[in-house]
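Taken straight from Swiss-Prot:
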- H109, H113, H119: Zn(2+) binding site (BINDING)
- 143-193: region 'Disordered' (REGION)
- 147-163: compositional bias 'Basic and acidic residues' (COMPBIAS)
- 164-181: compositional bias 'Low complexity' (COMPBIAS)
Amino acid sequence: MIVRLTSEHPDGARAARRLRARAAAFLAALGREDAELSILLVTDRRIRTLNREWRQKDQATDVLSFPISEPPGAGALLGDVVISLDTAARRARSDGRRVGAELDRYLAHGILHLLGYDHERPADARAMAEKEAELARAEGLVGAALREGRREGRAGEAKDRWTRSPTSISTPSRSGSTARGSRAKTSRAGSRT
């Protein structure tokens, strides 16, 4: 397993160490010890530029995925996950959670997109949310996430970002995208995750 992590964020060193370790754990839990993954930790400004370039959406977002293969997840080289540390910090603050818990969620979500999961239809969104929750449970993150940011769901049950289905997230793709600009812009699809 190879996890490459680059931080373009001035405050990203600590988060980068966490994400590298968490990515290895997630890939192992998914049975993808053969995988190669690149993670890029960026500012809102940088992710906004990527979102505008590859998705024609001129706004910052939390995480983008750029699968290498078609279909996603078909080969050992999975692709790139780009995460905005600024967005993670802002949402964690507003939701009363630790930044690390927010980053874990974005990473799990991005990796699942690289493996072919999406949330275009309600059934797909549920399946993806269930897989995210499974990863969180496997890594012991659900209890911590609940302690850090408890939410009330329907019928009063506790919900957190690991167990809620994504609602405002879309996954359009554009052939030829690249997250880091280090690979040729051919046969890649970008997904907002």
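Positions of Cβ are set from backbone N, Cα and C atoms, glycine also.
Model, not experiment: these values are computed from the prediction.
Under the DSSP three-state reduction, H113 (Zn(2+) binding site) is assigned to helix. Of all the binding-site residues listed (H109, H113, H119), H119 has the fewest other CB atoms within 10 A of its CB.
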